[in-house]
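Quick one: the structure is below, and I'll ask about it shortly.
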Amino acid sequence: MNATPLPGIEDEHGFTPRPEYKKKSIRSFVIRAGRMTPAQRSAFERQWAQYGLSLFSGPLDADAAFGRSAPLVLEVGFGMGDSLLAMAKAEPDKNFIGIEVHPPGVGRLLNNAADAGITNLRVYMADANDVLSDCIAEESLARFQLYFPDPWHKKKHQKRRIVQPAFAQMVRTKLTPGGVFHLATDWEHYADHMMEVMSNAEGFSNQAGEYLFAERPDYRPITKFEKRGERLGHGVWDLLFEKHA
Ligand SMILES: C[S@@+](CC[C@H](N)C(=O)[O-])C[C@H]1O[C@@H](n2cnc3c(N)ncnc32)[C@H](O)[C@@H]1O
C-alpha cells in the first residue's frame, strides 16, 4: 500500500540505510558513522513500509499518509526518538511527523513505534530543510518542534545552526495561523541566539512575553540527558512562539 522506497544502499552488509538530502554548501548536521544494532538495521526492512516517507516523493498529502485528518505536529531532529514516541502515544488525537538524518535513531524509533502499535506517526530520514521546502504544505502544521538542536559552539561553525532568520520564516509558512514553534536547548548561548532570531522574526509573538523563556509545557517529556543535566545544575530553555493569525 505504501510504495515509499527504502532510503539506503545494498552493500556487502546487505541493506545499509542512508539519509536522503540534496547537495548544499552548509548543512546543520554531519552524517555520523554511528553503529547500528542488527535490530535497528532490520527495522527498515520490517517497518519502513508502515512509517516511512520519502523526500523524493514530493509534496505530502498528510491526510492520505495517515488515513485520517487530524492536527499535524512536526519534529525536526528527534535523535533516538524516545520523546517523540512518548508524545505520539500521549496525544493520539494528533498526527506526528518526525525528521531525522541519524539512521540508528530512525531504526530505534521504527522498532519502538511498531512494538507500541503506534499509528499516528510517520518518519522522514532526510535533511529537514529539504523536506520542509519540498514536501510540507503551507499552513499545514499545528506545532513545530525543535528540541536540543546541535549547538555548533565554535564560532566558525555557527553558520550551521539550524535556527536562522530564513529558517524561522520557513517555519512560519508551514504553521497554521495560531500554530506554535516550540524550541528547546540546554546551551545558554544557543538559547540567547534562538531568542534573538525569534524575537526579530516577522509574524510571531512570544507566548511567554517579550524576550522571556517559557516553562516546559507538559506535553514535552523530560529526556534522560535533561534529567542528568538538571542534577548537575545545567539549565534548559524552552521558547514558544505563536504564528500571528
Ligand atoms: C543534539 S541532537 C538532539 C536529538 C534529540 N532532539 C534529543 O533531544 O535528544 C540533534 C539531532 O538533530 C539532527 N539533525 C540536525 N540537523 C538536521 C537536519 N537538517 N535534518 C534532520 N535532522 C537533523 C541530528 O542528526 C541530531 O540527531
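Heads up, the Cβ atoms here are built off N, Cα and C, so glycines get one too.
Those TrEMBL annotations? Automatic predictions, nothing curated.
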Check TrEMBL for me: it has Lys154, Thr223, Lys224, Phe225, Glu226 binding substrate, so pick out which one of Asp127, Asp130, Asp186, Asp192 it puts in that same site.
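Answer, per TrEMBL (substrate site with Lys154, Thr223, Lys224, Phe225, Glu226), from Asp127, Asp130, Asp186, Asp192: Asp186.
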Do you know which of the binding-site residues Glu75, Lys224, Glu226 end up with C-beta under 6 Å from ligand 1?
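With ligand 1 as the reference and 6 Å as the Cβ limit, the list is empty: none.
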CA-CA, which of the binding-site residues Glu75, Glu100, Asp127, Asp150 lies nearest Glu226 (substrate binding site)?
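Result for Glu226 (substrate binding site): the nearest of the binding-site residues is Asp150.
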Would you kindly give the Cα-Cα distance separating Glu100 (S-adenosyl-L-methionine binding site) and Asp186 (substrate binding site), rounded to the nearest Å?
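Their Cα atoms are separated by 19 Å.
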Do any residues at least six apart in sequence from Phe225 (substrate binding site), in the same chain, have a Cβ closer than 8 Å to its Cβ, and if so which, in order?
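Long-range Cβ contacts: none.
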